[in-house]
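Just below is one structure, and these are the notes that go with it.
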């Protein structure tokens, strides 16, 4: 299928909320090997975020049921098997995205904005793997996630305005990584607060095109800070990450 046709089909699939189809189309576009435009990059990101998002929330629900089920309950094995099925799907999706990132996207990125976008994506998908990993595998996955986020973070600080939505989105997700994966609320709050304060200080540099995106992510940073510094800090913080652009 021609690239233009694949993109048209991906947009149609998005409107129909058929994200698996959308992801298949954008995977095919990526595998053609050319650098993606901003629009194509966003289509790819939205597709896989929805595809993996369904599995992440399903995994959480099933895990919660599993933990509450008595060990003597005959249903426990069925629940465990189902969790492992969802886990397997989630791993497969993450592996596909990480392969696309390493083979095509990061290597082809010619500007800092794209590089940060893809490295952030790499951090995200290793983070999703870390959510379901255990033992040595989990440690390696966490290291991979942190390494990608840190590389993206260093480039973003050097090359992008503090109000840039990609830089803000990276700070949002990196802080969620510190809070949820490394269980380090102090570092999570420091990172989120610094990103928020730096953006506030330079509000006059806000690009009109990205005003809505930037202010939305700033609001999410503030919501997470409120949540993390309150006594009720808990599972729901990742909902903020889910609403990120």
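Glycine is no exception: its Cβ is also placed from the backbone N, Cα and C atoms.
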Candidate annotated as SUMO2 cross-link in Swiss-Prot, where the set is 11, 49, 122: 49
Most crowded position, judged by CB atoms within 10 A, among 3, 49, 56, 68, 127 as recorded positions: 127
Top Cα neighbour of residue 49 (SUMO2 cross-link) in the set of recorded positions 1, 56, 82, 127: 56
Rounded distance in angstrom between the Cα atoms of residue 115 (N6-acetyllysine) and residue 104 (3'-nitrotyrosine): 12
Shortest C-alpha distance to residue 68 (N6-acetyllysine) - which of the recorded positions 56, 82, 104: 82
Least Cβ-crowded entry, counting other Cβ within 10 Å, from the modified residues listed as 82, 104: 82
